[in-house]
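According to TrEMBL, the features are:
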type	residues	note
DOMAIN	1-454	domain 'Major facilitator superfamily (MFS) profile'
TRANSMEM	6-33	transmembrane segment
TRANSMEM	70-93	transmembrane segment
TRANSMEM	105-124	transmembrane segment
TRANSMEM	156-180	transmembrane segment
TRANSMEM	192-211	transmembrane segment
TRANSMEM	223-246	transmembrane segment
TRANSMEM	364-387	transmembrane segment
TRANSMEM	399-422	transmembrane segment
TRANSMEM	428-450	transmembrane segment
């Protein structure tokens, strides 16, 4: 399994670097890209549970939290190294050449990492705990059925899902979301964004190592639950600070020329679109979605029934349009015209199209994101050991992987839920209520129903 997952991940990554452009093969290019990204996700999902189980079963009980935290560290380290490679390629080739063809180089270079990983995987031996189980004849022929077909095991898996995995997934998504806020909503300079990510990643990596070590001293449960609490409480002020220090002109424009969407509430719908397949053609949806995509907060005001939605920017008014009934070409044309008119009106009111690099306070961005990352590290680094210590060896990998990957859906939906909440309320940070809710549920379930497992002998878990 280890060898298969690394081959799928490695080959998918290399193939992205060889992917023909849209100009060469048309819509097949993005479809192939999506397929390769899905394969990468499947490989990661299959890899993580096995890797955690393997390290947990090899590590001594008094250092298991520290040892398994290394897996969490690799994700943050990989992101930092990837950014360094991208920056190096861009500096060496120039921005124009990098965007034209140089972006393929990092993907192609991953072939070297794949070969190294395959070499290492071929030399790995089964863990002593697993070998002892096999010798005693205690293995399971149907681990999936045993893990979820018996109530005693299913109960543990459900408690782990809602009391640990879901909270950890949302904590990681919350800690990562400022990156998307900076890139998509605030539109800061890409170089400054990369510099910010590198800066806070150093703290994040160190915090994960310390959190894993601390869980071997005081227990997994208090560290993880403290991480849930800290993430929930710190997220909102950190997001406010990130917006202020990245894009101070946005706050100034909001004060002098506030934006309001006036629409018939009957024409407004929830814009929850996790797969990007939905079309929103009602005037209210068109207006709200356009303003939200520009990263501009706004107020909502109910208009009279049947009235076409309008975006009010101070004294200026930009009317939306009725998209229902239009063919795709006509709808696209009117949507582009509306977007242009809206952007022009916002610019006239003092809303910059993107954050000014000279006004972006990178030091404060790193400080704020690093502070949040400390709580995220506490919520995530010890979790691998905590979960591994709750399942018996014969089903550990299966039960861990299923609970962890299903829990990942809670964090995976955060961007889509955040955008839907933004469009519904006009509040750029409304989606944080979802994150806080999941973390609260995890805190209650984990605090009341999950045991402390520090020092537990894995071979004795039944």
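Quick reminder: no glycine exception, Cβ is built from N, Cα and C everywhere.
Simply put, out of 6-33, 223-246, 428-450, 223-246 has the most Cβ pairs sitting under 8 Å from the transmembrane segment (364-387).
In this chain, the transmembrane segment (70-93) touches the transmembrane segment (105-124); three or more CB pairs sit within less than 8 A of each other, excluding pairs fewer than 6 residues apart.
If you count C-beta pairs under 8 angstroms between the transmembrane segment (428-450) and each of 6-33, 156-180, 192-211, 399-422, the highest count goes to 156-180. Among 6-33, 156-180, 192-211, 399-422, 156-180 has the largest number of CB pairs under 8 A with the transmembrane segment (223-246). A Cβ distance under 8 Å defines the sequence-distant neighbours of the transmembrane segment (156-180), meaning residues of its chain 6+ beyond its ends; these are 147-148, 193, 197, 204, 224, 227-228, 231, 235, 238-239, 242, 368-369, 372-373, 375-376, 379-380, 383, 386-387, 390-391, 399, 402-404, 406-412, 414-415, 418, 432, 435, 438-439, 441-447, 449-450. For the domain 'Major facilitator superfamily (MFS) profile' (1-454), the mean pLDDT of the prediction comes to 92.
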